[in-house]
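Some features that TrEMBL has for this protein:
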type: BINDING; residues: G166, R167, S168, I232; note: NADP(+) binding site
type: DOMAIN; residues: 6-121; note: domain 'Tetrahydrofolate dehydrogenase/cyclohydrolase catalytic'
type: DOMAIN; residues: 140-288; note: domain 'Tetrahydrofolate dehydrogenase/cyclohydrolase NAD(P)-binding'
Amino acid sequence: MSAHIIDGKVFAAKVRGLVADGVGKLKAEHDIVPGLAVVLVGEDPASQVYVRSKGKMTVEVGMKSVEHRLEADTSEADLLAVIKSLNEDPSIHGILVQLPLPKHLNEDLVINSIDPAKDVDGFHISNVGLLGTGQKSMVPCTPLGCLMMLRDYHGSLSGMDAVVIGRSNIVGKPMAQLLLGDSCTVTIAHSRTKDLPDVVRRADIVVAAVGRPEMVPGDWIKPGATVIDVGINRLDAPEKGEGKTRLVGDVHYESAAAVAGAITPVPGGVGPMTIACLLANTLTACCRANGLSEPEGLTA
Ligand SMILES: NC(=O)C1=CN([C@@H]2O[C@H](COP(=O)(O)OP(=O)(O)OC[C@H]3O[C@@H](n4cnc5c(N)ncnc54)[C@H](OP(=O)(O)O)[C@@H]3O)[C@@H](O)[C@H]2O)C=CC1
Ligand SMILES: Nc1nc(=O)c2c([nH]1)NC[C@@H]1CN(c3ccc(C(=O)N[C@@H](CCC(=O)O)C(=O)O)cc3)C=[N+]21
């Protein structure tokens, strides 16, 4: 194994430190405490992990943390009423509705009912449009975290060939926008892409956001390329004991690390950065809401 390991855990701790400094300054100089509300409908297991560490870290950086846990059969009207009350609550600067939502709820409608200024996920159509046109917006946390790691490792990304595997609204598409914004030549690959291995072999930067465990093998990776593994896949791990599981990414780590120049591990890569960027976005939203200058280095 030769690749440099990009340590998302260490980087995320650094970002949370910057956020904590900003929060401290807001409190000391303006007596303002940023508040983040998370709304969880039902008991999606993938979301559980996220909500747990998020609540803890929100409090650690000095913010107010609010959780709304609603029954899986909550009506759309009741969910919209909760969001409306959070939109109107001046102590709340960030609102996150955990996805996926139960099938009977219209995800687009729900997301677009969030005040765009409080949309710390950056999923509201208004923020998507602002990002797409290069205007100041709320930037989705996972792609923002990936961008921060890439900028930190490479400095400038200008002119690099980037391949994003996956075209979801929450990861693939905004990731491609951010890479384009940093002047990469961007290819977006998906399930209908022809000759995916050859497409990936051209890339200086590979971002894998597919949701298929260890799908990208090392022999698809150009020697020296930087590999960002967004995938979070939980597999059974009987070797660790009965009922135990392990997390793996969308990249086959061992073989990819043998050829890549740099790689993010799973766990300990993109995941912790996502949460750090959520806190960063909440601080940014709070500064903007109060007409204050926002901290450097925490936005795209
Ligand atoms: N670390 C973190 O903080 C986060 C991690 N994740 C993880 O990232 C991964 C992706 O998440 P998300 O974007 O929401 O997933 P989606 O399921 O919404 O999107 C997956 C994308 O991968 C594409 N795809 C599926 N199969 C293939 C294939 N065989 N070849 C090429 N492309 C394929 C799909 O193509 P098509 O559009 O054609 O169907 C789709 O665009 C998941 O593992 C998820 O758990 C997600 C969010 C945050
Ligand atoms: N509105 C919304 N926004 C999201 O950003 C969002 C969402 N819904 N729904 C679910 C996905 C998933 N997601 C993760 C974030 C961090 C880790 C994370 O910190 N993972 C740790 C591992 C945790 C463990 O050990 O299980 C790591 O990768 O090191 C995982 C997953 C955000 N998501």
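Each Cβ is built from the backbone N, Cα and C atoms, and glycine gets one as well.
Contacts of G166 (NADP(+) binding site) defined by a Cβ separation under 8 A and a same-chain sequence distance of 6+ are given as G172, I188, A189, H190, V207, A208, A209, V210, G211, V230, in order along the sequence. Put plainly, the binding-site residues R167, S168, I232 were compared by Cβ crowding within 10 Å, and the winner is I232. Residues I232, taken from the binding-site residues G166, R167, S168, I232, are distinguished by a CB atom under 6 angstroms from ligand 2.
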